[in-house]
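Visitor: According to TrEMBL:
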- 20-40: transmembrane segment (TRANSMEM)
- 52-72: transmembrane segment (TRANSMEM)
- 92-114: transmembrane segment (TRANSMEM)
- 126-146: transmembrane segment (TRANSMEM)
- 166-189: transmembrane segment (TRANSMEM)
- 210-230: transmembrane segment (TRANSMEM)
- 250-269: transmembrane segment (TRANSMEM)
Amino acid sequence: MKNKSWREFYYSPTTSATIAFAVLFGVCLGVQTLRIVQIWRSQFPSRMPRRSASLMMVPFAIGTACEMAGYIGRCFAIKNQTHLGAYIEQMLMLIIAPPFLAASIYMIFGRLVVQLGANELCPVPRKYLTTIFVSGDIASIVVQGIGGGMMSGTDLDRVRVGQKVVVVGLFIQIVFFLLFVYAETRLFFRLRSTPTNVAFKTRHYPGRFHNWHATLISMFAVSMLILVRSVYRVVEFIQGFSGYISSHEWYLFVFDSSLMFLVVITMMYQDVAIVLLRTAEPAEVSEPGEEYKRSEVIGETFEVL
């Protein structure tokens, strides 16, 4: 549907950068999918089911797929300007992608708490940990999806209401992320000062840069990136489509595209599923500095980067 009073872009959109991010997220999605399948089919022994470890990364792959679809849709929107539906569809994909990325982060955190025997050190009761954060994440996705659906019509008044609904969804996401960052930070420093037996044994295991310590640091870093991105989106939607931020494309690429790509790359490099599997076998740790080898897990070396 077309709306003559509607303008998608209040600037000259850059096709090359949009295509570049679509390709980058597409490559990341391919690597993630392959990694999930490899871990699912691996014969690596662990008290933690390997399929559980791989399934924890599925929401992350879905989030990456949404990012890719968003930039592919943006390419079509650029070629079909003044078409409200095409613009809203690509924007909706980019809006709901981070909550899916966050879902994996929440599940990984909950699993780490259990495997490190850190239930008493975590400020949020383990019994409710995953439920609280994932429920908040689902609520954020649903509310933002409803807002995006309202924005997909041609009634501009309805579109404006949809913008406000999306802002509510973003605030829900921010609140739960702040709570998560608090819980994660408190756990990290408590484990450093008074480590559990498992945490002490696996401090540098299975590798110097691939262990629970590095994983928590990485999760904190990506959480902050997602928070910055969410704040950017809140300001953007409050200002409206004709606001200053929406009228300057570089904000999108700096505060959304680049930050989300860093989130994806960081978690891929950390290879969290393998860290979870190896941390589940602390008795096998012989040396604190024992090197991390993917070949031990899947029978051959598979470097993500």
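Any Cβ shown, glycine's included, is placed from N, Cα and C.
So that I understand the layout, could you describe where these features sit and how close they are to other parts?
Guide: Under 8 Å from some Cβ of the transmembrane segment (20-40) lie the Cβ atoms of residues 50-51, 53-54, 57-58, 60-61, 64-65, 67-68, 71-72, 74-75, 253, 257, 261, 264-265, 268, 271, 273-274, 277, 297-298, 302, 304, all in the same chain and six or more residues away from its ends.
Remote same-chain residues near the transmembrane segment (52-72) are listed as 18-19, 21-22, 25-26, 28-29, 32-33, 35-37, 39-40, 46, 90-94, 96-105, 107-108, 111, 257, 260-261, 264, 267, 272-274, 276-277 (criterion: CB distance under 8 Å, separation of at least six residues from the stretch ends).
Within its own chain, the transmembrane segment (166-189) has Cβ neighbours under 8 Å at 95, 98-99, 102, 105-106, 109, 113, 118, 121-124, 129, 132-133, 136-137, 139-148, 151, 216-217, 219-220, 223-224, 226-227, 230-231, 233-234, 237-238, counting only residues six or more beyond its boundaries.
Within its own chain, the transmembrane segment (250-269) is flanked in space by residues 14, 17, 21, 24-25, 28, 31-32, 35, 60, 63-64, 67, 71, 94, 97-98, 101, 104-105, 218, 221-222, 225-226, 228-229, 232-233, 236, 304-305, which lie at least six positions past its ends and keep a Cβ under 8 Å from the stretch.
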Visitor: Same chain only, please: residues at least 6 beyond the ends of the transmembrane segment (92-114) with a C-beta under 8 Å from a C-beta of the stretch. Say none if there are none.
Guide: 48, 52, 56-60, 62-64, 66-67, 69-71, 73-74, 122, 126, 129-130, 133-134, 137-138, 140-141, 144-145, 148-149, 151-152, 166, 173, 177, 180, 183-184, 187, 212, 215-216, 219, 222-223, 226, 229-230, 233, 256, 260, 263-264, 267, 272, 276, 279
